[in-house]
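This report refers to the structure that appears directly beneath it.
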Amino acid sequence: MNGIRDVVKEEQPRERLLLEGAGSLSNRELLAVLLRTGSKEETVLKLSDKILHHFDGLRMLKDATLEELVSIHGVGVAKATQLIAAFELGRRMVRLEYQNRYSIRSPEDCATYMMEEMRFLQQEHFVCLYLNTKNQVIHRQTIFIGSLNSSIVHPREVFKEAFRRAAASIICLHNHPSGDPAPSREDIEVTKRLVECGRIIGIEVLDHIIIGDHKFVSLKEKGHI
């Protein structure tokens, strides 16, 4: 058969994508499509294999920095920026799926909304979701990055954004990079402090969710709110 089917070979992932769809391609082939070309020493698929091996698969690759990518022989600034832009677009698309009038009715809803974004983070991120009177997410904000400590989490930073967004309530989240979402004493102290401040100013802190690896803990369900 003449035409595009005649040129579909192992080294031509773009042609396979056109014929069979993106879903039929392996991770190495999809990465090769983004990279477009290899180097003088290796094909684009071999370069894809090297990148995936360097980052131990997609889990670490999705958070790769420019410096980490260009340290790999065959990956220049142009290829690295293409990959970083593609990964960021993917994150934003996933986020849009949930941001469109996403309502939070339970701790499970909240954990589902943020799990994939937070469970792989290598540092603790303290994030607040700001809700309207219908419990719909109207804004989210990363308040700080680092170990959770009551002397670091300033209520004014948490509630300042609530006033700016005219939020009716707040849900706080942070991740445990260890994968174990069991709350620490500091987690509980920070939560109680924020809840008390919320009572005083009239913006309820509905929950504090701790994200682990496919696991979460609700401090409200644990009786700390």
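Backbone N, Cα and C atoms are what each Cβ position is placed from, and that goes for glycine too.
Sequence annotations record features per position, and here Swiss-Prot assigns Zn(2+) binding site to His174, His176, Asp187. Residues or ranges marked as domain 'MPN' by Swiss-Prot on the basis of sequence analysis: 103-225. Per Swiss-Prot, the feature motif 'JAMM motif' maps to 174-187.
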*Where among the binding-site residues His174, His176 do you find the Cβ with the fewest other Cβ atoms within 10 Å?*
His176
*asked:* Using DSSP and collapsing to three states, where does His176 (Zn(2+) binding site) fall: helix, strand or coil?
replied: coil
*asked:* Taking 10 A as the limit, how many CB atoms besides its own sit near the CB of Asp187 (Zn(2+) binding site)?
replied: 23
_Quick check: with His174, His176, Asp187 left out, which same-chain residues have Cβ atoms within 8 Å of the centroid of the Zn(2+) site Cβ atoms?_
Glu124, Leu148, Asn175, Pro181, Pro183, Ser184, Ile210, Ile211
